[in-house]
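Undergrad: Let me give you the structure first, and then I'll get to my questions.
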Amino acid sequence: MTAVTDEVLSFDEAMEKYDPVLGFEVHVELNTRTKMFSSAPNAFGDVPNTNVTPVDLGLPGVLPVVNGVAVESAIKIGLALNCRIAEKCYFARKNYFYPDTPKNFQTSQFEDPIAYDGSIDIELADGTVFTVEIERAHMEEDAGKLTHMGGATGRIQGAEFSLVDYNRAGVPLIEIVTKPIVGAGSRAPELAKAYVAAIREIVKNLGVSDARMERGNVRCDANVSLKPKGQEKFGTRTETKNVNSLRAVEHAVRYEIQRHAAVLDSGTPIQQETRHWHEDTRSTTSGRPKSDADDYRYFPEPDLVPVVTNDAWIEKLRAELPEPPAERRKRLQADWGYSDAEFRDVVNAGVMSSIEDTVAAGVSAAVARKWWMGEISRRAKLADVEPAELGVTPELIVELNALIESGKINDKLSRDVLDGVLAGEGTPAEVVEKRGLAVVSDDGPLLEAIDGALAAQPDVADKIRGGKVQAVGAIVGGVMKATRGQADAGRVRELILQRLGVEG
Amino acid sequence: MTELIHLSADALSQKLAAKEVSAVEATQAYLDRIDAVDGAINAFLHVNTDEALLVAAGVDKARTDGDTLHPLAGVPIAVKDLIVTKGQPTTAGSRILEGWQSPYDATVVRKLRAARMPILGKTNLDEFAMGSSTEHSAYGPTRNPWDLDRIPGGSGGGSAAAVAAFEAPLALGTDTGGSIRQPGAVTGTVGVKPTYGGVSRYGAIAMASSLDQIGPVSRTVLDSALLHEVIGGHDPHDSTSLTDPVGALVEAARLGQVEGMRIGVIKELQGEGYQAGVLTRFHESLDLLRSAGAEIVEVSCPNFRYALSAYYLIMPSEASSNLAKYDGVRFGLRVVPEGTPTIERVMGATRAAGFGDEVKRRIILGTYALSAGYYDAYYGSAQKVRTLIQRDFAAAFEQADVLISPTAPTTAFKLGEKLDDPLAMYLNDVATIPANMAGVPGLSLPGGLADEDGLPVGIQLLAPARKDARLYRVGAVLESLLEATWGGPLLAQAPEITGGK
């Protein structure tokens, strides 16, 4: 699109004059089997308007019923964010007309969210820790998905018609709202990215969300305002909607800081509004004006009874919480003895859990890292998938490693064995058998190959006889070629030297 | 066949069980009656002839085969057109749903089908149940069988008139502020609003979710108890439905007992605004109950005077939100205006054309009451009044086992009489609204005819939440005492309906 690009100030200059204040609303789609208020499947990517019941379409006469698993997920998220959990909380109706909202109101929570007053520590790459205060985490339902057809922009304005898919309508959402984040200074864009990454990691670790940002499982609205250095009062904020990748969060916050600074420098007040993020131009454009007086006519949802919690229930859920991601990382690095750089690479490659499982299955941390950071990562990159999605199980790695350690196969052959296993040819041992991949350990065929190689390169043979032992590599290479790699290179070397009567 | 349609549901069910009459005969008799008189009454918006006869035939076959059947199997019933039914249109009395068919059955309808009760059709109502006269139906008013120039009450005038005109032995209604009881009162029939949550609301098109309740309409107290037991009970589709068992309502109605019971007369629900003939019949009922051994006490519910005002904030607030879904996008009427049809303009034009004046009035009232800056003063205050009314009830039930009042301050008024005066219309529900505000059950039964106009008067009984059985216990006694004075059912005195074809 041809967005009109606003004036921006350089980031450094903006930082000299202004302090940014951030605030985030992160929507997390839960991975419950069914929707928030109906028995329709909560599934991504199905044929439009198939995962719907009369409730999801808002047909006359329908009533919502709260998904108990979603409530438990909300409580778990609240606990993981160190929130207080409400003893009793209500759903509320947020009334507004929009065709992606079947009832023309969203069932949400208003005055009393299920979780409130929390905080999490966010660690930046250099180890700096920021504490982000959480105002609330509340339960609500997702809207349907609109696709605007025929317009230039893909937005509703100018579209000829719009298609609506209600499969997503009613998918359980937890909206996590921060308190204003002050004091991040020039680290604000980095903190923004790290905060959303942390939320994503927490909900994924809890197992309550698939946490795939590209599918909209985690969506971020980023609020930015600037105040002149030294001023207490917050400036007017803008809310950049649906910034849906970690990189985009960082860029959007940076851009808005620069744009605000330019606007404020020109003496113009900031317009309180929503902004749209454009990945292509890495800039935002004006959405709709938003004011605190937006009137959603909230009132308590009369079709639902309040959600009442109790200590026993909350403590049971707390006991079920997995180890927090940051603590887990510290523990694993210490257990595995990886250097900081090695561990960071493992985390960035997204194979930490896979290594953990593989170590648990019975190989050393070094071997597990060699596989996951080496061959498996290489294949994942080629296939453009996550390493964990290749179908390589910890047990498979253990078996491959055992075959290598026993000398049955070598590293090179192990890759062929992996090919065979992934192609469905059976267990590693079966693949070795079927493909005839075992290292040739019988000296007979090896000696035959060695004699062939020596005869093919008499000059090299002479050099070796003359004491140039390092030249043996060329003969080994010939043997390996002749045996299609199925020889143990060490044994081949020994045999060549024996054959030529030279000491190794 | 005339005798057949005059039987109570209970009597009909016994004849069916004894194979003295077949379900097809009974159903056909009612269909014939509808054919004969509904042109004059306009109780039905849809007559479900084929399916009703099919269900009846199935019951007859099952009975011949010796299958175990529900006592009401083969007893026909009419359903208020606010309750969704597969295979029949559901309009809510509104143009905006004209021609719409639900793909699912309301829970109560599923229960009727499980009991194998033939559904005769869908009955008329004020649009989205908003009204006290059935004049706000988009499909024309229903007329009162006692006087065709008068209203049958509302919103459930269709169900009440159908039962009063012997077009159905039983019907389902919904009661948000009196829509079952007030029509019962002005047509000389029995209507019950169960305890809030006692009957699933799933499939009842919502007006005000926290007030709506489905309930039985019948010609006798026992018949209402029979139907109440069919439709009552917990429903996982309705979060507000109670988990309690329905209770022995039929037994309570069959035994009937008032001796030693304390019956509280609500001081605030009589006197000014109440028609003289209504009060005369009311006091006669009190005398009868006293003579049967009940202790009549007076109770005061001082906050009831705010009930109507609070109701007209809470009900429209919830309705404004509940009716937002009617926008032409997914179902029902869609009006595409001239010019560029943006979504806002299509929604606006659809709602402008599809909703009637009373519905628009309440949507506007409710939208206003929920608006930022007004919420606390209106919706917030109204909710506080609601709490006060609940406290009044709690205090009153300390002194009395059941409460009693006239159901409506007047007998049936003339068609058109109050159409231009919404406040006067609203006042007709002054005695029924408190029960909805507190969630307590209420029953209206015929108390005789007012001397000045010869029209039916309703007596309302109220019980604490979950004590619906008390209504049937006391109602059955009062009914039999009154019928003894009349020498038979009140409806036997209703005039012949003419000009129905």
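These residue numbers are counts, starting from 1, taken along the chain as shown.
A Cβ is built for glycine as well, from the same backbone N, Cα and C atoms used for every other residue.
Just lifted these from TrEMBL, have a look:
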- B:25-471: domain 'Amidase' (DOMAIN)
- B:LYS80: active site, charge relay system (ACT_SITE)
- B:SER155: active site, charge relay system (ACT_SITE)
- B:SER179: active site, acyl-ester intermediate (ACT_SITE)
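Let's see these features in context: how buried, what's close, how far.
TA: Shown in sequence order, B:LYS122, B:THR123, B:LEU125, B:GLY156, B:GLY158, B:SER159, B:ALA171, B:LEU172, B:GLY173, B:THR174 are the residues of the chain, 6+ apart in sequence, with a C-beta less than 8 angstroms from the C-beta of B:LYS80 (active site, charge relay system).
Secondary structure at B:SER155 (active site, charge relay system), as computed by DSSP, is coil.
Secondary structure from DSSP puts B:SER179 (active site, acyl-ester intermediate) in coil.
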Undergrad: Identify which of the active-site residues B:SER155, B:SER179 has its Cβ surrounded by the largest number of other Cβ atoms within 10 Å, counting every protein chain shown.
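TA: Comparing the active-site residues B:SER155, B:SER179, the most crowded Cβ belongs to B:SER179.
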Undergrad: So what's the average pLDDT for the domain 'Amidase' (B:25-471)?
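TA: Overall, the domain 'Amidase' (B:25-471) comes to a mean pLDDT of 97.
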Undergrad: Where B:SER155 (active site, charge relay system) and B:SER179 (active site, acyl-ester intermediate) are concerned, what is their Cα separation in Å, rounded?
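TA: That comes out at 5 Å between the alpha carbons.
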